[in-house]
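Trainee: So TrEMBL says this about it:
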ACT_SITE  His85  active site, proton acceptor
BINDING   Pro182  substrate binding site
BINDING   Thr213, Asp264, Asp272  Ca(2+) 2 binding site
DISULFID  Cys54-Cys134  disulfide bond
DISULFID  Cys87-Cys92  disulfide bond
DISULFID  Cys140-Cys342  disulfide bond
DISULFID  Cys219-Cys251  disulfide bond
SIGNAL    1-24  signal peptide
SITE      Arg81  site 'Transition state stabilizer'
Amino acid sequence: MVALSKVILALVASALLLSRPSAAHPGLGFGWGGGSGGSGGGHGLLPEYYLYSCPQVNDIVVSVLEQAIEREPRMAASLLRLHFHDCFVQGCDASVLLDDSATIASEKRSQPNANSLRGFEVIDEIKAKLEEVCPGIVSCADIVALAARGSTVLSGGPNWELPLGRRDSRTASLTGSNNNIPPPNSTIQNLITLFQRQGLDEADLVSLSGGHTIGVARCTSFKQRLYNQNGNNQPDATLERNYYQDLKTVCPRSGGDNNISPLDFASPVKFDNSYFKLILWGKGLLTSDEVLLTGKVGKTMNLVKVYAEDESHFFQQFARSMIKMGNISPLIGFNGEVRKNCHHVN
């Protein structure tokens, strides 16, 4: 009996060692360690979920991401956004990846996603490589979550221990996508309400908005601020004057809707806290960025200032909030499925 208990203890110890990354290669070992955000395996998700069934999962995800982001640095932001737009509709279940079919109205057609959501081909490439190595094991929902974390880390942002084990939905919700994803012209109250609907608070709202430290936005999402913010044919008074003049050259009054501008022009491909500094200077690109400060909600105003001053504090909260967002209503156990092709149900 004593001998058996020693064997069990040895097995547990070796499993724990396997699940920890080597110090020499942080970010390449399975699980990427505790990172800034600590552990968080709510809803039956576990960081070690693929430890035995597909131990190479993270290395494969990172190798594809490294090439994709090197080809197009903007892709990191696109993949982070893809996870956000997935989790806010039916939970983190890869419903956003489903194409139109006889039974599915694709979320890709929704107002927030049409001609805007990107990165599907990178998810497909990761999925194809994982299917070669461990077929039928890794869900599309987990791939989206892993790609979001990898994109953050590869852009210089925080790392976190990512709970895994999500399964893929057999349904999508075009209506949910239209109604649940915060539009770029949101008021602060609208943002708070939409986040609360997902179980996320003001700290989550401000830190996750900080994901706009990388990426770009189309002219159509900020044109209103330049020419007709309050229905009076006047610009948004909170816009810093020189920044306003610069944006008008990118985004004319008529046409140019697909022209793009960095969400954080100070460091558009580096994950840092300059996004919050720009907001303090009246240089947040979207209404939904600037109202974190100007919306006169004490908690969000204070957090913008705190994160602008202390990047490590922002990183820690971003990691916590990403774990929390990734835990929104996942399908686990026998619910859902593991799709063979991320675009179609099995």
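Even glycines carry a Cβ here, placed using N, Cα and C.
What TrEMBL says about a protein is an automatic prediction, not a curated fact.
Quick caveat, the model's predicted, so the values are computed rather than measured.
Relative to the rest of the structure, where do these features sit?
Mentor: If you draw a 10 Å sphere around the CB of Pro182 (substrate binding site), it holds 20 other CB atoms from the protein chains shown.
The Cβ of Thr213 (Ca(2+) 2 binding site) has 31 other Cβ atoms within 10 Å, all protein chains considered.
The Cβ of Cys134 (disulfide bond) has Tyr50, Ser53, Cys54, Gln56, Val57 as same-chain neighbours under 8 Å, each 6 or more residues away in sequence.
All chains included, 29 other C-beta atoms sit within 10 angstroms of the C-beta of Cys87 (disulfide bond).
Cys140 (disulfide bond): 30 other CB atoms within 10 A of its CB, across all protein chains.
On its own chain, Cys219 (disulfide bond) has Val250, Cys251, Gly256, Asp257, Asn258, Asn259, Ile260, Ser261 as residues at least 6 apart in sequence with a Cβ closer than 8 Å to its own Cβ.
Neighbours of Arg81 (site 'Transition state stabilizer'), defined as other CB atoms within 10 A of its CB across all chains, total 23.
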Trainee: Which residues does Asp264 (Ca(2+) 2 binding site) neighbour through Cβ under 8 Å, counting only same-chain ones at least six apart?
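Mentor: Looking at Cβ-Cβ distances below 8 Å from Asp264 (Ca(2+) 2 binding site), excluding near sequence neighbours, one finds His212, Thr213, Ile214, Ser274, Tyr275, Leu278, Leu285.
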Trainee: Find, for the listed recorded positions Cys92, Cys251, Asp272, the residue with the lowest Cβ contact count at a 10 Å cut-off, counting only other Cβ atoms.
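Mentor: Each of the recorded positions Cys92, Cys251, Asp272 was scored; lowest Cβ tally within 10 Å is Asp272.
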Trainee: Within 8 Å of the Cβ centroid of the Ca(2+) 2 site residues Thr213, Asp264, Asp272, which other residues of the same chain have their Cβ?
Mentor: Gly210, His212, Ile214, Ala266, Ser267, Pro268, Lys270, Phe271, Asn273, Ser274, Tyr275
Trainee: Quick one: of His85, Pro182, Asp272, which recorded positions lie within 10 angstroms of Cys92 (disulfide bond), measuring between C-alpha atoms? Sequence order, please.
Mentor: His85
Trainee: At the Cα level, what's the spacing in Å between Cys342 (disulfide bond) and Pro182 (substrate binding site), rounded?
Mentor: 25
